[in-house]
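Colleague: Here it is, the structure, as structure tokens.
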Amino acid sequence: MMIFLLLLLFSCITFSLCKVVFRNRSHSCCYMLHYECYKGTEDRKLDTMTCAELLMRNKNLGLQEYRFLLQAIVNSGLGEETYGPRNILEGREATPTLSDSLSEIDDIAFDTLDALFAKTGISPRDIDILVVNISLFSPAPSLTSRVVNRYKMREDIKTFNISGMGCSASIIAVDLVQQLFKINSKAFAIVVSSESIGPNWYCGKERSMILANCLFRSGGCSMLLTNNGSLKGKAVMKLNQLVRTHLGGEDDAYNCCIQMEDKVGHAGFLLTKGLTKVAAVAFTLNLRVLVPKILPVKDLLLYVIHTYGRKKAKGGGAPSVEAAGEGLNMKAGIEHFCIHPGGRAVIDGVGKSLGLNDYDLEPSLMALHRFGNTSAGGLWYVLGYMEAKKRLKRGDRIFMIGFGAGFKCNACVWEVTRDLADENVWEDCIDSYPLPTINFSPFLEKFSWINDEGRTHVDLTSAFNKD
């Protein structure tokens, strides 16, 4: 009788443990049902001549600054169809108002959310979790409250307003949702990811700060996530892995990408020369955690052997993004690579590190050319390009990686759950991509005369009379 009772007790305990494990697994899954990227209106495009007009308004710039900016924007990889905030296009970059800031975010958030609800058929009152990440703008009431008010969401919705996290913030937001799914069953979550550009335009002349003006553009994305397994058939992707790396404990890392004022009081975003070194360290540490979770054992062993041999042969040396993944065969566990379109140098550096070819880098480079660096929303334009080109097939794995102020490197792996072919924001231009070459720059064609020898000053008004 005692043996029977013990067996019964053991069976009950085993059943309870299995039930807990199964429940936790079912709750912690994270499916993406849909995502919507923002596309600005035609009157907000920043073509070559519009950019020239912006430069003319900054009376702090001289010949050397113009030459630096020309070189920076030529090397950036941006095209002529990116979008800017209205206050900057209207000549009010030096005096932005609170209304300008709110309007910029409203356009992006409400436009993408309206489309998200319409296409999925999910009601705003069905949403259990709301996360909004805008790094450089945090009003009161919060932006999450603004969304809740607009769509009259439920009073028990869990809201999170994330600021200051930089270009990789959307992966942080997804991670937050994933953690919340562990304690909320069959939940719907929305992530709104964008950046506030209008009130943060730099009006000074420090090169390390004015560089941001050449790269950042208006854009963003809203996405709908769930842990309801019964909706797996409607999902576009499933989150497999997510790794976050934060080097904020190191002074060099903390200060390499930081919001501040220059010597005369102009506020802006400082990008130091040490940024690439810090990014390399963060990238390396992130890969050490992520790679064992996604690659076969054989490829891991080959990587360890290669790394050991490289260290023994070369010894120490300054870290670089290009060397961070040297020896890795990422394609043994990944089909597609979604690199944050922060700039041509970032994309090329990560690509070289992971041994990627032109086909692998094409989505990130084309997203950079068409939409610019839209900060936290950038990754989703890259994903949209892949989908519009009908690259994403069921079972494919997508590696996403982004870098952000702090300094942070965040990466994740998604698995495509069904063949995808929505042309999304790329609908009107996808057939013109990829470009025959992205080395050609309309900026260099129209403003190369700035580099003429013997020139001592610049009169940009003459640019408007040149062919």
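Yeah, the Cβs are placed from backbone N, Cα and C, and that goes for glycine too.
For reference, TrEMBL lists these features for the protein:
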- Cys167: active site (ACT_SITE)
- His246: active site (ACT_SITE)
- His336: active site (ACT_SITE)
- His340: active site (ACT_SITE)
- His369: active site (ACT_SITE)
- Asn373: active site (ACT_SITE)
- 23-311: domain 'FAE' (DOMAIN)
- 333-415: domain 'Beta-ketoacyl-[acyl-carrier-protein] synthase III C-terminal' (DOMAIN)
- 1-18: signal peptide (SIGNAL)
Colleague: Just to verify a number: CA distance, His340 (active site) to Cys167 (active site), in angstrom, no decimals.
Modeller: 8
Colleague: Counting other Cβ atoms within 10 Å, pick out the least crowded of the active-site residues His246, His336, His340, His369.
Modeller: His246
Colleague: Distance check, please: Cα of Cys167 (active site) against Cα of Asn373 (active site), rounded to an integer number of angstrom.
Modeller: 9
Colleague: May I ask which of the active-site residues His336, His369, Asn373 is closest to His246 (active site) if we compare their C-alpha atoms?
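Modeller: In terms of Cα distance, His246 (active site) lies closest to Asn373.
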Colleague: Of the residues in the domain 'Beta-ketoacyl-[acyl-carrier-protein] synthase III C-terminal' (333-415), how many are helix, strand and coil by DSSP?
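Modeller: Across the domain 'Beta-ketoacyl-[acyl-carrier-protein] synthase III C-terminal' (333-415), DSSP assigns the residues as follows: 38 helix, 21 strand, 24 coil.
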Colleague: Cα-Cα separation of Asn373 (active site) and His336 (active site), in Å?
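Modeller: That comes out at 20 Å between the alpha carbons.
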Colleague: How many Å lie between the Cα of His336 (active site) and the Cα of His369 (active site)?
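Modeller: Just about 19 Å between their Cα atoms.
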Colleague: How many other Cβ atoms are found within 10 Å of the Cβ atom of Asn373 (active site), counting all protein chains shown?
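Modeller: The answer is 26 other Cβ atoms.
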